[in-house]
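Residues or ranges marked as transmembrane segment in TrEMBL: 42-61, 73-91, 97-115, 122-140, 146-168, 175-194, 228-245, 252-268, 274-292, 299-315.
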């Protein structure tokens, strides 16, 4: 008990220090969408978003902070909660050796995948771990209802999180789970129907993501840390082998079910590091369980494999922490952003009548100016899914009488494909000011401008 307590305290201190001593990155979706909601806009109906609605609705309560301090504190709080949940589960299910191995693996592998980036899966992990912890307890009506509500809330953040129902239903087989999920999803559907946004709700959240998932299968993304993932696969397969040899597969059934779902959540629709937190958490729990339950030479050989994974992971994590993350700058408080804002101040565009040609929505946020288009950020797949997206954006620029276009330099790689919009800007706007970091275009005075 004392060893576990010491390891727990050290883990909390190490993780907190690792997070706070490096810049916490808040991706543009995480500050843009909550801010738009705080301005009275409705997700899906008033702006494009292919994520679940719950997290951004909650984060809108923290919006408006130009330093993003509130969101960074939220990130720290969630990661601390995730660690506490992992430690609680390990404390309940693991030996001292398993506890130490699982904690070390979660800290190293988790930090490498999070890399101080707030994302949906950061929060999803807390729901997954809480559901698993409830499933380890004594079943009852209150537990079943709480479990169903947690799965529902997780699916409101990422719809595929409803897959948590599979291992839960296999173990408990309670109809309350299906009832809560079905009734729960009926509420937002009715809400968006009454608000006139049901078509966008279905299109953005379901149809777009389904198409994107199919596209990702045919065009897999390049995954970093392949050596770490490859070693993790070896450790996973070896763990299954050891568990099978010791006839422990049945006792690990629930954990394997949650591990499978966490892998699904992490790899669908695409495999990127910031999607990995759920898989990292349950993989760490799995490793701890195998070490705790195995005996003799099986345990020794497996522990050696895990030690190898820890060494590989430490090398990568140390490289990120000491060499890469110190180069990260605060996306709002840096000289580049300040100079571009100064250029915008000189142009003095009316609120809602300037457009950023690029995925740099921080300039809307910092100037408190609502984007003039339904698509405040765009990526290549948007053009594939919505072939007329460029004409839609151009139509909105005309209808909103946009006067100023800001083009951050170099041109955003995602926007190099949007040549129709670029041609429209070059034909109907003229260069008014420029600095190395950006160019300002002002609308042509001619009434015949297209």
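Just so you know, the numbers here start at 1 and follow the chain as drawn.
Any Cβ shown, glycine's included, is placed from N, Cα and C.
Comparing 42-61, 175-194, 274-292, 299-315 for CB pairs under 8 angstroms to the transmembrane segment (97-115), the maximum falls on 274-292. Contact between the transmembrane segment (274-292) and the transmembrane segment (73-91) is supported by 3 or more Cβ pairs under 8 Å, counting only residues 6 or more apart in sequence.
Long-range contacts of the transmembrane segment (299-315) within its own chain (CB-CB distance under 8 A, at least 6 residues past either end) are made by residues 97, 101, 104-105, 108-109, 112, 227-228, 231-232, 234-235, 238-239, 242, 287, 290-291.
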